[in-house]
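S.K.: Per Swiss-Prot, the features are:
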ACT_SITE  2  active site
BINDING   158, 161, 164  Na(+) binding site
């Protein structure tokens, strides 16, 4: 798996992820780019799960963004509907965190769309709970920027989770 974490703080949203691709208990690649910009750089997206499945979902989600003029929630709900009803899509094993300047969402592998708690922190993947815990502690107890919190949370997850490394891709809005 992997770790993807998103933090929204002081008018900035940051999504970061590690670069490890595993096949069973073997590391296949250490520098995969699991966080991307979509919709002309206005939407950040990060994936956890099967790489091929995630790229399929990135492509489908970007189409939904185009269809709905970049409206994040509407695009996510429409993708989730397709995910639940299309036989081929139902077999995809991946989760997405998506964010724009206004909101952040998780799109789950069963076609659910989840909004964050009041703290505006999201995390997915095998190291997601470690990163989520770290980010919450840092938000509550420090004045660090959203980017610094994402970096530190990913580093903590990478130190604990064997399916997460410390080769990060981090994107932020506004940039």
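Just so it is clear, glycine is given a Cβ too, placed from its N, Cα and C backbone atoms.
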S.K.: For the Na(+) site given as 158, 161, 164, which other residues of the same chain have their Cβ within 8 Å of the site's Cβ centre?
M.R.: 2, 3, 18, 20, 126, 127, 130, 154, 157, 159, 160, 162, 163, 165, 166
S.K.: Including all protein chains shown, what's the count of other C-beta atoms within 10 A of the C-beta of the residue listed as 'active site'?
M.R.: 28
S.K.: Give the helix, strand or coil assignment DSSP yields for residue 2 (active site).
M.R.: coil
S.K.: Near residue 164 (Na(+) binding site), which residues of its own chain have a C-beta under 8 A away, given they sit six or more steps off in sequence?
M.R.: 1, 2, 3, 18, 20, 125, 126, 127, 154, 157, 158
S.K.: Long-range same-chain neighbours of residue 161 (Na(+) binding site), Cβ under 8 Å, sequence gap at least 6?
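M.R.: Same-chain residues close to residue 161 (Na(+) binding site) (Cβ under 8 Å, separated by 6 or more) are 3, 126, 127, 130.
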S.K.: What's the number of neighbouring CB atoms sitting within 10 A of the CB on residue 158 (Na(+) binding site)?
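M.R.: Other Cβ atoms found within 10 Å: 22.
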S.K.: For residue 158 (Na(+) binding site), name the DSSP secondary structure in the helix/strand/coil scheme.
M.R.: helix
